[in-house]
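Novice: Would you mind keeping the following structure in view while I ask a few things?
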Amino acid sequence: MKTICLVGGKLQGFEAAYLSKKAGMKVVLVDKNPQALIRNYADEFYCFDVIKEPEKLLELSKRVDAVLPVNENLACIEFLNSIKEKFSCPVLFDFEAYRISRDKKKSKDYFKSIGVPTPQDRPSKPPYFVKPPCESSSVGARIIYDDKDLEGLEPDTLVEEYVEGEVVSLEVVGDGSHFAVVKETLVHIDETYDCHMVTPLPANPLFRQISHDLAANLPLKGIMDVEAIFGPKGLRVIEIDARFPSQTPTVVYYSSGINLIELLFRAFTDGVEEIRAIPENKYCIYEHLMFGENGVLIPVGEQVLSMGSDYGKFYEEPGIEIFLCKGEYPVFTMVFWGKDREETGAKRCKGLSVLKERFGAVL
């Protein structure tokens, strides 16, 4: 049995832990927060600050098969980069690609340098889409409809044309020479631009080629998530994130049969093969529902989940998994899968009925 050590116990960590378990791996978690969200979901939990006590992590690396940073704490990532040669196992992370991807201005300059279509900067008239230079895609993002609202923005805020359309995502895993473009997904967003649901999409040759080019020109050794908008103007790449994603990998797993943790391991050991055809073509629904006042189920995004106190499995049967995130209001992560959309929809109805029976949820 392989063992993976995850540095970070929030939602990225949950996704990586979930897929590691699906691959039959043991999960060791390291987080400086004694109340780390997934502390009870991991097989082993060690609470310490890797920056203050790196020797503990280096010692752990002697008895695990890989270390995977799954956090967006820049100080932590930069510190791990500074000691990466001291680990006794591979660190499944491309630090240079992350340096480019976390800086949205650097990312956009990179897109332009290789001819990737992206929203126009500082358009002459509204609506504008504004976002901080270095946060996750949804944090601090909003639409501005009036020029006067630009006046209070921080100088380094990105101001782009607002592009209407569907938000789509595609993961790429590279070994530095070969780049496996995996499975397209649709990211369903709420009014705060946070994702509350993910579903699979058919293959899109243009998006796949662009994602391959983005990985190959780095060149990527690790995993990267490419996000784009499909709208009336065609495809526009909005960002890349060179770190293990949350939410989309589970949908990739059930719809394509590809486990991104296993693929990432191969990138640092045997190498990856470029994917010509997806091995499976099934359907999956992944969504977050908050149990609100009067039992009403409310779609919510990751920003709500991240405020929870504990996250673990609540219910399981073939084609259905439900996870409970405890907090002021419970949030359920619902995962349904089947051979097609119809079968998966029936699983979803069954899963919702479980919440009705056990919690009195209003459907």
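Here the Cβ of each residue, glycine as well, is placed from N, Cα and C on the backbone.
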Novice: Out of GLU293, GLU302, GLU316, GLU317, which does Swiss-Prot tie to the same D-ornithine site as SER169, LEU170, GLU171, ASP225, ARG243, PHE244, PRO245, SER246, GLN247, THR248?
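Specialist: According to Swiss-Prot, the candidate sharing the D-ornithine site with SER169, LEU170, GLU171, ASP225, ARG243, PHE244, PRO245, SER246, GLN247, THR248 is GLU302.
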Novice: Please state which member of LYS2, LYS10, LYS86, LYS104 Swiss-Prot lists alongside ASP31, ASP49, VAL50, GLU72, ASN73 for binding ATP.
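Specialist: Between LYS2, LYS10, LYS86, LYS104, Swiss-Prot records just one in the ATP site with ASP31, ASP49, VAL50, GLU72, ASN73, namely LYS10.
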Novice: State the three-class DSSP label for SER169 (D-ornithine binding site), counting H, G and I as helix, E and B as strand, and everything else as coil.
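Specialist: Assignment for SER169 (D-ornithine binding site) reads strand.
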Novice: Using Cα-Cα distances with a 10 Å cut-off, which of the binding-site residues ASP31, GLU72, ASN73, LYS131, GLU227, GLU302 are near PRO245 (D-ornithine binding site)?
Specialist: none
Novice: In this structure, which of the binding-site residues GLN12, ASN73, SER246, GLN247 has the fewest other Cβ atoms within 10 Å of its Cβ?
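Specialist: Least crowded of the binding-site residues GLN12, ASN73, SER246, GLN247, by Cβ count within 10 Å, is ASN73.
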Novice: When the Cα-Cα distance from GLU161 (ADP binding site) is computed for each of the binding-site residues LYS10, LEU11, ASP31, which gives the smallest value?
Specialist: LEU11
Novice: Tell me, if you would, which residue among VAL50, VAL163 (binding-site residues) has the fewest other CB atoms within 10 Å in the structure shown?
Specialist: VAL163
Novice: Whole-number Å only: compute the distance from the Cα of GLU302 (L-lysine binding site) to the Cα of GLN247 (D-ornithine binding site).
Specialist: 9
